[in-house]
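A.B. asks: I am attaching a structure below and will ask some questions about it afterwards.
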Amino acid sequence: MSGQHQITEQPSGNPLSRTSTLIQEKPLTPTSSHAETQKHLEAPRQSSFLIQLQDIRHAIRMPMAEFFGVALLIIFGAGSACQVVLSTNPNVASSDRGSFLSINLGWAIGIAMGAWVSGGISGGHINPAITIAMATYRGFPWRRVPSYIFAQVLGGVVGAALVYANYIHAIDIFEGGRHVRTQATASLFATYALPYMTQVSCFFSEFLATAVLSMMVLALTDNRNGAPTNGLLPFALFVLFIGLGASLGMETAYALNPARDFGPRLFLAMSGYGKALFNYRSQYWLWAPIIAPVLGAQAGGLLYDTFLYDGDNSPIKWRRASSQECQLAEVV
C-alpha cells in the first residue's frame with residue numbers, strides 16, 4: 001500500500017542482530033537506584049596498608065605467641081624469686097615474703113600461664129629445647145624453628161626487663177647502690193649452680209631434668225596415652241613443674257629452658273652486670289642451661305618414642321599394622 005507504511009520484522013540471517021537489539025534495549029550501565037543497591041551490597045574495600053598489616057600479623061602470630069608465653073614465664077618466675085630473696089633485707093621488707101616453695105610455685109604458674117596464652121596458637125612450646133624436640137619427633141616444621149627460638153629468647157629479655165624495672169629500687173637497696181651489681185641479684189634472673197657442684201654434675205642435673213620434662217610433654221600430648229584436653233594441659237604442666245622444682249631444682253636452679261636463662265642473661269648484660277655473667281665457671285651459661293637442656297630434651301623424646309609411643313608421626317616407628325592394613329597389603 002503506497003499511502004501507508006507497514007512495519008514488518010524481517011528475519012535476519014545474522015544471529016547477532018537480535019542480540020544487538022536486546023543490548024540496545026537494556027544498556028549495560030545500571031540505573032541510579034540499581035547502582036546504589038550494589039554499593040550497599042559490596043563489601044567495603046580495605047586499604048593496601050591495612051592488608052599489609054594483616055599479612056604481617058598473620059606471619060608473626062605464632063612467634064608472638066611464643067614471645068608472650070616466655071615473657072609471662074619470666075614475669076611469674078623471676079618475679080617470685082625477686083620477692084622472696086629481696087625481702088630478706090630488712091630495709092626492703094619488714095619480714096621475709098616467701099620461701100623456695102614460693103619460687104617453685106612462681107615458675108610453675110609461669111609455665112601454666114605461658115602455655116595457656118600460646119598453646120592454641122603456636123603449640124605452647126615456650127622453650128627452644130622443646131621446639132627442637134618437637135621438630136625431631138613430632139614433625140614440627142624445621143623452617144619455623146629459628147623464628148620460634150628468636151621469639152622465645154626475646155620474650156625472656158623483655159620479661160626480665162619488666163621484672164627488673166618493677167624491683168629496681170629493692171635491688172638498689174639490696175646491693176647497696178644503683179651502680180653495684182653482683183651475682184647475688186643476677187641469680188634472681190639467670191641460673192647459677194651451688195658452689196660444691198662440679199661441671200659434670202651441673203650438666204647432668206640440667207640434662208636429667210629436661211629429659212624428664214621432654215618425656216612428660218610428649219606423654220601429655222599423646223592422644224593414644226590418655227592425654228588431657230587442651231584446657232587441662234597447662235594445669236598438668238603446672239603440676240609437672242612443681243614436681244621438677246621440688247625434686248631436681250636445688251642444685252642448678254633448674255633452667256630446663258635455654259630461653260629462660262639466656263634471655264634474662266642478655267638483659268643483665270645490658271644492665272651493667274658485666275662480663276662475669278658469661279665468664280662464670282668457664283662459660284657455664286652455654287653448656288649447662290643451653291646445651292644440656294637441648295640434649296636432654298632429645299634424650300627424653302628418644303626414650304618415649306622408642307619404648308612408649310605408638311603413633312605414626314615419629315621417625316621411630318614401632319606400630320604394628322592392623323589386620324585390615326595387612327589384608328590390604330596382601331591384595332595390593
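Positions of Cβ are set from backbone N, Cα and C atoms, glycine also.
Summarising the annotation, Swiss-Prot assigns topological domain 'Cytoplasmic' to 1-66, 122-144, 221-230, 305-332 and lists a curator's inference as the type of evidence. Per Swiss-Prot, the feature transmembrane segment maps to 67-87, 101-121, 145-165, 200-220, 231-251, 284-304; the stated evidence is sequence analysis. What Swiss-Prot lists as topological domain 'Extracellular' is 88-100, 166-199, 252-283.
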A.B. asks: So what pLDDT does the topological domain 'Extracellular' (252-283) average out to?
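C.D. replies: The answer is 96, the mean pLDDT of the model over that range.
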A.B. asks: Which residues, given as numbers and ranges, are at least 6 beyond the ends of the transmembrane segment (231-251) yet have a Cβ under 8 Å from it?
C.D. replies: 100, 103-105, 107-109, 111-113, 115-116, 119, 124, 193-194, 197, 201-202, 205, 208-209, 212-213, 216-217, 220-221
A.B. asks: Of the stretches 67-87, 101-121, 145-165, 284-304, which racks up the most C-beta pairs under 8 Å with the transmembrane segment (200-220)?
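C.D. replies: The stretch with the most contacts is 284-304.
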A.B. asks: At a C-beta cut-off of under 8 Å, are there same-chain residues at least 6 beyond the transmembrane segment (284-304) that contact it? List them, or none.
C.D. replies: 127-130, 132-133, 136-137, 190-193, 199, 202-204, 206-216, 218-219, 252, 255-258, 260-262, 265, 277-278, 316
A.B. asks: For the topological domain 'Cytoplasmic' (122-144), give me same-chain residues lying six or more residues beyond its boundaries with a C-beta closer than 8 angstroms to one of its C-beta atoms, as numbers and ranges.
C.D. replies: 61-63, 65-66, 69-70, 73, 111, 114-116, 152-153, 155, 210, 213-214, 217-218, 221, 233-234, 256-260, 293-294, 296-298, 300-302, 304-305, 313-316
A.B. asks: Short question: which residues 6 or more past the ends of the topological domain 'Extracellular' (252-283) have a Cβ under 8 Å from it?
C.D. replies: 70, 73-74, 77-78, 107, 126-130, 149, 152-161, 164, 179, 181, 183, 186-187, 189-194, 197, 199, 202, 205-206, 209-210, 213, 244-245, 289-290, 293-294, 296
A.B. asks: Across the topological domain 'Cytoplasmic' (122-144), what are the DSSP residue counts per state (helix, strand, coil)?
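C.D. replies: Looking at the topological domain 'Cytoplasmic' (122-144) with DSSP, the answer is 14 helix, 0 strand, 9 coil.
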A.B. asks: State the residues, same chain only, that lie 6 or more residues beyond the ends of the topological domain 'Cytoplasmic' (221-230) and have a CB under 8 A from a CB inside it; answer 'none' if no residue qualifies.
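C.D. replies: 119-120, 138, 236, 308-311.
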A.B. asks: Residue counts in helix (H, G, I), strand (E, B) and coil for the topological domain 'Cytoplasmic' (221-230), per DSSP?
C.D. replies: 3 helix, 0 strand, 7 coil
A.B. asks: Near the topological domain 'Extracellular' (166-199), which residues from the same chain, at least 6 beyond its ends, have a CB less than 8 A from one of its CBs?
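C.D. replies: Answer is 74, 78-79, 81-83, 85-86, 89, 91-92, 160, 205, 250-255, 260-261, 264-265, 267-268, 271-274, 276-277, 280-282, 284-285, 287-289.
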A.B. asks: Looking only at the topological domain 'Extracellular' (166-199), how are its residues distributed among DSSP helix, strand and coil?
C.D. replies: 15 helix, 0 strand, 19 coil
